[in-house]
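Asks: Input: one structure, supplied below.
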Amino acid sequence: MSDRLISATAQSEDNDLELSLRPRRLSEYIGQQKAKETISIFVEAARQRGEPLDHVLLFGPPGLGKTTLSNIIANEMAVNIRTTSGPAIERQGDLAAILTNLAPGDVLFIDEIHRLSKAVEEILYPAMEDFALDIVLGKGPGARSIRLDLPKFTLIGATTRAGMLASPLRDRFGIISRLEFYNNEDLTRIVTRAADILKVVIDRSGAEEIARRSRGTPRVANRLLKRVRDYAQVRAQGDITADVAAEALEFFEVDPLGLDHTDRRLLSSIIEKFNGGPVGLDTIAAAISEETDTVEDVLEPFLMQMGLITRTPRGRVVTPQAYKHLGIPMNRETQKGLEQNSLF
């Protein structure tokens, strides 16, 4: 699933592209106005006091710039950043090694922080609160605990699932900021900026066409731009207009709403096999041969955001907009069923 062209999850091909396109200062960061203004205030206040920034939790769907914003914070504070992830920190000793090698003021960025084990979380609490590391030496009755002082640092945690964070961990973040899906205007600016960096000739309408199909996600927008650039180079003398962008994205099976074959297959399966719903999550997953978690975490959020599918106590139901988008006519029985489902 992560290899889908419109997947918001990072892919191996994204690494070099994102590094070259990533803004380095808040002034260059497009969109997320509320989060940007909030962080700007806290960063400036910390700089004026000569103190490390308070711990920051960034949450929201993948691909919206949590890693980028973390690097910007480190740049604005003029400190180094150490990057890791929840799954990579398997033991308490792994985290202890990272913490003891931080310099005063450094930023420690932990992606997917909700995937830290409870054992690792336990030594993170005093590190965040008291800038100290509690280490147990020995085992059994003879075991003793020693406390090591740590340099004052800033922890930035990123997660797509804030609800999975343990309350004691979440409560230790002084700054909590949610990143939202981008609007088309901001995405158009992002595409235009990326095209300029990549030296791609693109007009305003071409950038708008790519933005419109990018699912509100900068990572997807940059990836689509790269693919459209290749298509334009071979089929359209290299220049990207609205017509060229639309032609390229249709070729890559990304429709005007940003849906791909997998999205459309999910919607059409509910319509054709279950008369539009309601239908359970496990049944949907089996019908399209996908994992339940993939349907719930990867496919559904965007379809719900676009108003193409809804959740009811009785199961998932497609909306009239989905029928219209897919060009599937609704019979009276289906229309009546959808009206009844909307009451629950």
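Including glycine, each Cβ sits where the backbone N, Cα and C put it.
In case it helps, Swiss-Prot gives these features for our protein:
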type    : residues                                                         : note
REGION  : 1-182                                                            : region 'Large ATPase domain (RuvB-L)'
BINDING : L21, R22, G63, K66, T67, T68, E129, D130, F131, R172, Y182, R219 : ATP binding site
BINDING : T67                                                              : Mg(2+) binding site
REGION  : 183-253                                                          : region 'Small ATPAse domain (RuvB-S)'
REGION  : 256-344                                                          : region 'Head domain (RuvB-H)'
BINDING : R311, R316                                                       : DNA binding site
Asks: F131, Y182: which of these binding-site residues has the highest Cβ count within 10 Å of its own Cβ?
Replies: Y182
Asks: Whole-number Å only: compute the distance from the Cα of F131 (ATP binding site) to the Cα of R316 (DNA binding site).
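Replies: Approximately 47 Å lies between the Cα of F131 (ATP binding site) and that of R316 (DNA binding site).
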Asks: Using the alpha carbons only, what distance in Å do you get between E129 (ATP binding site) and R311 (DNA binding site) once rounded?
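Replies: It is 40 Å, counting Cα to Cα.
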Asks: Determine the Cβ neighbour count for G63 (ATP binding site): the number of other Cβ atoms within 10 Å of its Cβ.
Replies: 28
Asks: What number of additional C-beta atoms lies within 10 angstroms of the C-beta atom of R311 (DNA binding site)?
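Replies: Other Cβ atoms found within 10 Å: 14.
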Asks: Which whole-number value in Å describes the distance between the Cα atoms of R316 (DNA binding site) and G63 (ATP binding site)?
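Replies: G63 (ATP binding site) has its Cα 25 Å from the Cα of R316 (DNA binding site).
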Asks: Using the structure shown, find which entry in L21, E129 (the binding-site residues) has the sparsest Cβ neighbourhood within 10 Å.
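Replies: Selected from the binding-site residues L21, E129 on minimum Cβ neighbours within 10 Å: E129.
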Asks: Take the region 'Small ATPAse domain (RuvB-S)' (183-253) and average the pLDDT across it for me.
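Replies: Mean model confidence (pLDDT) across the region 'Small ATPAse domain (RuvB-S)' (183-253) is 93.
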Asks: Return the residues near T67 (ATP binding site) by Cβ distance under 8 Å, restricted to its own chain and a separation of at least 6 in sequence.
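Replies: Residues satisfying the criterion: T83, F109, D111, A158.
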Asks: Rounded to a whole number, how many Å is the Cα of G63 (ATP binding site) away from the Cα of R311 (DNA binding site)?
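Replies: If we compare the Cα positions of G63 (ATP binding site) and R311 (DNA binding site), the gap is 24 Å.
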Asks: How many whole Å apart are the CA atoms of R311 (DNA binding site) and Y182 (ATP binding site)?
Replies: 23
